[in-house]
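As given in TrEMBL:
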TRANSMEM  B:12-40  transmembrane segment
TRANSMEM  B:91-111  transmembrane segment
TRANSMEM  B:123-144  transmembrane segment
TRANSMEM  B:165-189  transmembrane segment
TRANSMEM  B:195-215  transmembrane segment
TRANSMEM  B:257-277  transmembrane segment
TRANSMEM  B:297-321  transmembrane segment
TRANSMEM  B:333-355  transmembrane segment
Amino acid sequence: MDAIYWPSFFFFLFSGLACAFAVAVLLSSNIVRMAFYLVLSLGATAGLMFLAGAEFVGAMQLLIYVGGTLVLLIFGVMLTSQERFVVMKTWAGDWVKAFLAGGALLFILTYAAFSIPEWRGIERAEADAIVAQPSVTPIAMGLLGARTDDPSRSGYLLPFEIVSVHLLVVLIGAAYLARAKRSRSNIEKI
Amino acid sequence: MAPFLSQYIWTWLAYTIAGLVHVALILNLVAVGALVFIWLERKISGRIQDRLGPTRVGGKFGWLQTLADGIKLLSKEDLAPGGADHFLFKIAPYVSFCASIAAFIAIPFAGGEYPWIAQHLNVGVFFVLAVMGLEVFGVILAGYSSASKWSLFGAMREAAQVVSFEVPLGMCVVVPVLIAGSLDLVVIGDSQAGWFTNWIVFHDPFTFIIFWVYCTCATASVNRAPFDLAEAESELVAGFHTEYSGLRWSFFFMAEYGSMFAVGLLASILFLGGWHGPIPVTDFLGIVSENGPFVGYLGQLIGAVNVIGKGVIAVCVMMWIRWTLPRLRIDQVMATGLKYCTPIAAAMFLGATLWQLQMPGKAFFGLIDLPASVYAIGDGGSADKKQPEDAVKPSEEQDQIAQATLAAPKLTRKGL
């Protein structure tokens with residue numbers, strides 16, 4: 001009676017939720033509802049991260065995507081959307097283009113995932129033997145330049161710095177764009 | 001609990017039962033907590049304003065008042081405005097409530113080898129902060145979908161306030177993490193074992209200041225007075241939940257009281273010693289898990305009473321502040337968060353870092369020559385816990401990491 005294997009069950013639950021809400025984002029036409037479904041989809045993805053033992057990444061997902069980006073998105077919608085932008089209509093050509101782009105990405109990802117031998121699925125005994133390791137310290141050490149799993153390889157200090165500087169540039173750019181402009185005409189005020 | 005049960009029944013049933021018990025405990029903690037806190041708030045506000053508060057329902061102290069309120073709220077009609085987005089309008093209270101409850105998943109109520117915690121995460125602090133930030137999403141949904149300008153204004157104000165106060169709050173929380181050397185709430189709480197002098201709030205002058213900054217930011221991020229402009233009844237007709245009635249309205253309030261309790265518990269674990277009392281009574285009496293499972297259970301129970309008591313005291317202080325301080329204007333709220341709390345928190349973070357660098361592992365009270373008797377008593381029960389250097393017990397992983405770091409000294413030096 002040990003038929004239910006809980007990790008698999010929760011994997012399918014969370015991945016199913018993520019996919020279902022992603023489809024719901026596509027199918028809904030109201031932009032605020034889209035944001036709501038996107039939150040649920042990203043939250044389910046965070047659940048997948050927790051299931052995989054990557055607790056830090058999962059909490060990061062919740063903090064940045066669900067808590068931060070989505071709030072910003074809804075703020076943007078509320079501040080900018082006029083009547084005709086709140087409900088979005090998708091034309092047939094857009095559907096075709098979106099299916100081509102998304103389908104190509106899905107094909108590549110699926111192909112890549114199943115071409116790696118370790119990802120083709122493992123036995124129950126092997127799955128039981130895998131114990132999730134704490135992930136915070138290795139990530140932090142890696143970002144500071146030392147890999148705990150393999151000391152002979154270098155860490156991620158340079159990419160981390162590049163990303164940080166990039167984010168700073170984005171921040172300054174956003175502040176520049178959003179600064180109080182001198183009003184040249186009345187059109188800008190509206 | 002699950003490994004213990006699985007000796008007798010099927011594994012899947014054991015895990016299901018364990019999960020359900022945890023869920024029931026957390027749900028009841030939040031719901032019953034809100035029940036008690038609402039009654040307590042009315043009693044405290046009554047006393048502060050020189051009146052009695054609820055007295056009619058339930059005989060002594062009016063203790064049935066919130067139950068009567070609950071029945072009243074249940075029997076009210078579930079209204080929604082005509083222009084509202086009905087689906088989002090109906091689901092918004094649940095989003096807030098779920099975010100508030102989910103924070104309790106990672107909050108421990110007793111530490112030690114077998115901590116009382118629903119899910120032991122090694123990024124506990126981070127998870128709690130991340131999840132409590134989600135509450136604002138339900139608020140924005142409620143404000144946006146109500147089709148009312150009061151709600152929209154309230155939601156905008158609350159979102160701006162919560163998002164801006166999360167910056168200093170995060171900085172305040174980093175300091176105990178820095179001192180304990182872990183993001184794990186159980187490790188942070190256990191690093192403050194012993195006398196109250198080991199509490200992080202008394203660790204050094206910087207932590208003492210940052211504790212008060214944390215209190216300010218926590219009050220603001222759960223929308224309590226003097227930062228409750230988002231739901232100001234005199235200006236915004238109750239803000240983002242103007243249009244809500246009956247049970248959905250009460251879900252918002254349960255979420256608010258749940259968050260208050262959560263930040264109170266977080267304050268007690270991060271700064272006020274967690275499940276360790278001001279005097280290590282359990283160590284004197286030998287109520288520790290080394291002396292057998294039953295005695296250990298008793299010790300854990302005392303720890304849980306400690307941490308919940310501190311959380312309740314924190315909530316009572318928030319109520320006291322609410323009924324004694326005037327409400328701030330929205331620009332004053334934002335100025336408090338961004339102009340005062342953030343720089344102070346940043347400076348204190350820097351100071352605490354320098355303290356750790358200069359005097360690693362030494363607390364403020366360790367520098368003053370206290371009467372030897374103070375420490376002598378403390379040594380009686382917990383000889384190994386008294387030394388602040390041993391406060392953070394290096395686990396096996398940390399040893400491995402240290403060895404890995406030592407094995408690659410060049411990389412570390414260059415990297416740092």
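Numbers here mean position along the shown chain, with the first residue as 1.
Quick reminder: no glycine exception, Cβ is built from N, Cα and C everywhere.
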Against the transmembrane segment (B:91-111), which of these stretches has the most C-beta pairs under 8 Å: B:12-40, B:165-189, B:195-215, B:257-277, B:333-355?
B:257-277
Out of B:123-144, B:257-277, B:333-355, what stretch is closest in contact terms to the transmembrane segment (B:12-40), meaning most Cβ pairs under 8 angstroms?
B:257-277
When only pairs 6 or more apart in sequence are counted, do the transmembrane segment (B:123-144) and the transmembrane segment (B:257-277) reach 3 or more Cβ pairs under 8 Å?
yes
